Amino acid sequence: MVLFLYTHKMYLQAQSFIHTIVSRKGKDSAFTVFQAFLKVKGTNFTSFVHVFNGLIDAYLNMGFVSDAIQCFRLIQKHKIKFPFQGCTKVLEYLMKLNSPMVAFDFYKEILECGYPPNLYFFNVLMSKLCKEGKMMEARSVFTEMWKRNFRPSVVSFNTLINGYCRLGDMDAGYRLKREMEERGISPDVYTYSALINGLCKNFWMSDANELFNEMCVKGLVPNVVIFTTLINGHCKDGSVALAMDAYQQMLKQGVGPDLITYNTLVNGLCKSGDLGEARKLVHVMIEKGLKPDKFTYTTVIDGCCKEGDLDGAFEIKKVMVDNDIELDDVAYTALITGFCRQGRIVDAERILTEMLNTGLKADDPIYTMVIDGFCKKGDIKTGFKLLRQMQSNGHSPNVITYNVLLNGLCKQGQMRNAEMLLQAMLNLGLNPDDITYNILLEGHCKYGNPDDYDKLRSEMGLVHDYATYTSLVGSLSRSSKRQPKKSFV
């Protein structure tokens, strides 16, 4: 029936019939189905080629790729006309499976059987292998091209160069560039882009600038990606002035900076402490029709907070809110940190509360920073309120958080409460560290029996566990007249 339908050019009906057969026979049925078709082949070889192309297609549509490959091998075994269409579909299917080496092995197999080499497939295979970091395998695909007397294109070379540069193997990248030139293939903008990107990632900025100048001398026009790569490299290398020079050169050559370019510069300027220039660039962006995003504003907020310009940070925060740009945890953390550094701990707690109300989660260091701020101000009660808030929000405060609270208690001479907190730590399975015991010993020195001062001082830094600590404190005089009777509960 299938042969009849193909003979009468009823291709859709024939293909539908093959799909029915394959779906009923299921996986691993290629040999059985093939033999059945072979028995009724007759002399109509043209229709028979259509049948096997259709059979391969049907197995692929069902996801039975091993059956499709077996069909091809059976066709070769019985010396039936090569199913070019079916093989192309198998190759494309294998490519989509993200198994490039399986695809390459099949490609080599069909090439040996007369399938015509195709530059596209070679380049796609190399690209997939390079993205997986399998450079030896990618190189083997490249070598196979030469074996087949197939001339690689500039895209072939660029794909391999980019793969090596992404992994930091700049020597291999340069060797391929020289090989290109020796074979009469001129490196293009993408060749230089890959090499410059690799050099910038390794902070080899002088080499990157040298390549940049070389491409300009050759008449190649750098694109926005190359300029941004150079700018980013200079910023990360701490040479913001050189980054700004590259930006000015970009403008002179008529290459329009994009959002990534401006964000890179703004970030570099903020990290170098040049907030004024960073904010000017934000205005330039807006004038050029580019809309600053969350990263732009968050970078400026962080820069303002680190420089102590909290008013400037709040001004940027207001702009974000006015433009319906939600603050993320990075922006809130920057603001909280800035307030804590200036001792504006109430404002820091207010921002923390706002952050939590938006659905964001503060991490342990942020909570600990705010708790520490209150403890240093003598507000131990609020410190413990925040500890309970941490715990209710699913956090498990670590020894650093408890040390901050212990320090606050000891500074106020609340040694009994400090001992109670130490017990609470131990009950939770937290192991106190050297800092914990030194905080407690400092408290005992300051608020304990004056006669024990010298002994405690000599032991500070030598107590590393609870047993040693209790033994030392237990051996001291039990004078408690100086002990304040406050409670944080």
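Glycine is treated like the rest: Cβ placed from N, Cα and C.
The feature repeat 'PPR' is assigned by TrEMBL to 118-152, 153-187, 188-222, 223-257, 258-292, 293-327, 328-362, 363-397, 398-432.
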Predicted model, mean pLDDT over the repeat 'PPR' (293-327): 92
Tertiary contacts of the repeat 'PPR' (223-257) (same chain, 6+ residues out, Cβ under 8 Å): 189, 192-193, 196-197, 199-201, 203, 205, 208-209, 212, 264-265, 267-269, 271-272, 274, 277, 288
Distal contacts, the repeat 'PPR' (363-397) - CB-CB under 8 A, six or more residues away: 329, 333, 336-337, 340, 343, 345, 348-349, 352, 356, 404-405, 407-409, 411-412, 414, 428, 488
